[in-house]
Amino acid sequence: MIFNPTKKYNIILSKNSFHKNTYTMLSLYWKSEEKVFAWCALAALLILSLLAVVTALAINEWYKHFYNAIQELDAHKFYSLVVVFLAIISFSVVRSVLITYLVDVFALRWRKWLTNHYLSAWIVKSTKPDQIEQCVDNPDQRIAEDINKFTFETIDLACGLIYTLASVVSFSVVLIGISGDVSLWAITIPAYMFWAAIFYALLGTYISQKIGFKLVSLSNNQQRSEADLRYFLIRFRDSSKLHSTDTRRHCEKESISEKLDISLANTRRTIRVKMRLSLFTESYSQLSLIFSSLLAVPRFFAGSIMFGDVMQINSAFGNLCENLSWFINAYHRLADWKATTDRLISFDGALARSSDINKGGCRASNCICRLIQISSPHQKARS
């Protein structure tokens with residue numbers, strides 16, 4: 001088998017999906033010599049994320065009693081609830097500090113292990129490390145930058161997703177229990193606030209996806225163009241002595257400027273998409289506040305619920321919409337994470353393919369050696 005250094009291999013092998021390749025890359029650390037720490041840290045992050053949901057539920061219940069105390073002019077209950085609020089907030093602050101510290105330490109240790117893993121595969125195990133650069137662009141960036149982004153963003157986004165899923169379930173139960181029924185055109189809709197939150201969040205998710213779906217490809221292109229620009233700058237620095245004439249230097253400057261223009265053009269396209277997406281997400285977030293109040297206050301004016309119930313409904317509605325809209329709020333980060341993961345998958349695939357080629361070459365060499373040894377004249381003489 002002959003290795004073709006000019007061939008650019010696809011980011012994802014045809015037989016594997018993105019999800020399968022990502023899972024394979026994620027599982028490396030959890031099956032390594034640091035698997036005990038990895039699983040313990042994962043369990044701790046899970047517990048801390050669920051405790052955040054418990055805190056949010058406690059504050060939601062607190063809203064009801066606090067504003068009911070104001071409506072009832074109950075000063076003793078009011079000040080007692082202030083103390084309760086301070087206790088909840090203190091617990092929340094400690095939990096937040098712990099999870100921030102654990103995420104950073106976890107990402108740091110994972111990055112160290114994964115970097116050493118790829119350095120070993122690229123520099124030590126590969127017989128021709130220079131050929132990897134012909135398969136994928138800028139392997140140095142993938143090790144120095146992409147691994148750092150991948151480890152931290154994977155952990156942070158995973159914690160956010162765990163919190164989101166638990167919050168959706170919890171606040172759905174709360175909102176179903178307190179929202180009541182409403183009659184619309186002689187049709188009774190049970191738990192109408194819950195269904196309103198579902199509709200509002202799904203509509204927002206659909207629109208945001210339509211606006212920002214190009215961000216994944218733009219982010220990938222941006223990383224590639226920035227890496228190309230850096231490569232040309234490093235190449236000029238390392239070979240500056242060869243560019244002794246003004247003409248050569250002018251040509252190098254034009255080449256670097258061309259790479260810069262490509263990067264800036266992609267950045268401008270990204271800015272336009274992000275501006276449209278931010279315009280929608282900010283409007284969506286602000287309108288949710290008045291939307292829930294407009295749906296809840298008719299029952300308050302009818303005397304069916306107290307003011308504290310309205311505030312609890314608003315809080316539960318806001319939490320449910322916010323968590324159902326997690327995809328909207330995290331769209332920028334998810335796009336960057338997807339692009340970074342694609343680059344690491346392509347790097348991993350190139351290393352694996354190069355390793356297979358090297359093994360195939362070794363097997364072929366061994367076969368040739370054995371054939372030569374079999375046909376040796378000394379063996380013929382002995383036979």
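Every residue, even glycine, has its Cβ placed from backbone N, Cα and C.
Just so you know, TrEMBL annotations never went through curation; they're auto-generated.
Residues annotated as domain 'ABC transmembrane type-1' in TrEMBL: 43-336.
According to TrEMBL, the transmembrane segment annotation covers 36-59 (among others). Beyond its flanks by at least six residues, the transmembrane segment (36-59) meets 29-30, 85, 88, 91-92, 95-96, 98-99, 102-103, 105-106, 109-110, 155, 158-159, 162-163, 166-167, 170-171, 174, 315, 319 of its own chain at Cβ-Cβ distances under 8 Å.
Annotation comment: TrEMBL describes 79-103 (among others) as transmembrane segment. Below 8 angstroms of C-beta separation, residues 41, 44-45, 48-49, 51-52, 55, 58-59, 62, 65-66, 69, 152, 155-156, 159 of the same chain, each at least six residues beyond the ends of the transmembrane segment (79-103), sit close to that stretch.
Taken from TrEMBL, the feature transmembrane segment applies to 157-178 (among others). Same-chain residues lying 6 or more positions outside the transmembrane segment (157-178) and placing a CB less than 8 Å from one of its CB atoms are 45-46, 48-50, 52-53, 56-57, 60, 99, 103, 191, 193-194, 197, 309, 312-313, 316-317, 319-320, 323-324, 326, 330, 333-334, 337.
Positions annotated as transmembrane segment by TrEMBL: 184-207 (among others). Non-local neighbours of the transmembrane segment (184-207) in the same chain are 172, 175-176, 178, 280-281, 284, 288, 291-292, 295-296, 313, 316-317, 320-321, 324-325, 327-328; each lies 6+ residues outside the stretch with a CB under 8 Å from one of its CB atoms.
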